[in-house]
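Engineer: Okay, here's the structure, questions in a sec.
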Amino acid sequence: MGSSQQGGSFGDPQQISSDNVKGLCLALSSSLFIGSSFIIKKKGLQKAGASGLRAGAGGYSYLVEPLWWAGMITMVVGEIANFAAYAFAPAVLVTPLGALIIYYFCSAVLAHMILGEKLHIFGIVGCVLCVVGSTTIVLHAPQERQIESVKELWDLATEPAFLLYATLVIVAVVIIIVQYAPKYGQTHIITYVGVCSLVGSIGVMSVQALGIALKLTFSGTNQLLYPQTWVFAVVVVTCVFTQMNYLNKALDTFNTAVVSPIYYVMFTSLTILASVIMFKDWNGQTATQIITELCGFVTILSGTFLLHKTKDLVEVSSPSAFMRYPKYDEGGCSNQEGIPLKHRESMR
């Protein structure tokens, strides 16, 4: 088994982890690319919608729009960097930081600068809280466990504690998909988002294991010869496709502004829990360091809440007054995205 992980933080010069620094840089660059890709793709969709059938109305004119493809390429680059980040840093560091900046901070700031979407003063406070929380987590993140072989990763994944967690996740997902999704999927957002978050927590563990195996391979120790590497790869593919399927269902049925924060909170929380169980990220850390990391996470959640509660607010003439803009589609019609699909159909 690899050497035991030592508790440490970036605040302690004696225990700075170069791998954590690499993982942090990759996570930040990934967030910048993916956050930018959202804006570039949106510009491409707007441009394509002006000359053809909008994507929201079932059109595919964006497929011949170069700007949309530029956004897709930017996203692919970001996802590659995000994958590599898990090979160097623990999920406790990469997941909350990467997901936060991708979905909220980058999107909010870039949308304000490039798309001209207004960012309310409370939104700015939300961004600041997100940065403070992220910094707190970075400064107290545990160091990555030193792994010498994919067999060590397999041993970690097959320990009783993680097997119990994985079994509970699989059972819960099957029950939700078979019993609850057909009945409540269109009216209860937690149904689809719950499947995405539960499956995603297992997927991230497999991504991290596969990333470490590839890092070892590129450093001269070929891990592709071990069947465990390919098992992790199969789990990654299965989890990714399941997540994509049910996340698309959630986004198609409910308001994106509602789906995103709930998904972020559930996915990040479950991923941190899975990482703590499998990789024992908190072993060797003091209670103070662990509590500080949790406080950083709560600070991020507070900033996320502010960003989403004020995303449609704009200041009016009175300094203390504000109003909420209604959402409209490009054709000038009221957007009923916030209403569950079944309720929308009953209103027609």
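The backbone N, Cα and C atoms fix where each Cβ goes, glycine too.
Per TrEMBL, transmembrane segment is recorded for 20-40, 60-77, 83-107, 119-142, 162-182, 189-213, 225-246, 258-278, 290-307.
Give me the local environment of each listed feature.
Structural biologist: Below 8 angstroms of C-beta separation, residues 33-34, 36-45, 47-49, 51-53 of the same chain, each at least six residues beyond the ends of the transmembrane segment (60-77), sit close to that stretch.
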Engineer: Taking residues 6+ outside the transmembrane segment (225-246), which of them lie with a CB under 8 Å of any CB in it?
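Structural biologist: Residues 149-151, 153-154, 173, 192-193, 195-196, 199-200, 202-203, 206-207, 209-210, 213 contact the transmembrane segment (225-246) from elsewhere in the chain.
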Engineer: Mind checking which residues of the chain, 6+ beyond the ends of the transmembrane segment (258-278), have their Cβ under 8 Å from one of its Cβ atoms?
Structural biologist: 90-92, 95-96, 99-100, 103-104, 156-157, 159, 161-162, 165, 189-190, 193-194, 196-198, 200-202, 204-205, 208, 247, 250-251, 297, 301, 304-305, 308, 338
Engineer: So what's near the transmembrane segment (162-182) in sequence-distant terms, Cβ-Cβ under 8 Å and 6+ beyond its ends?
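Structural biologist: Cβ under 8 Å, 6 or more out: 156, 188, 191-192, 194-195, 198-199, 201-202, 205, 242, 273-274, 277-278.
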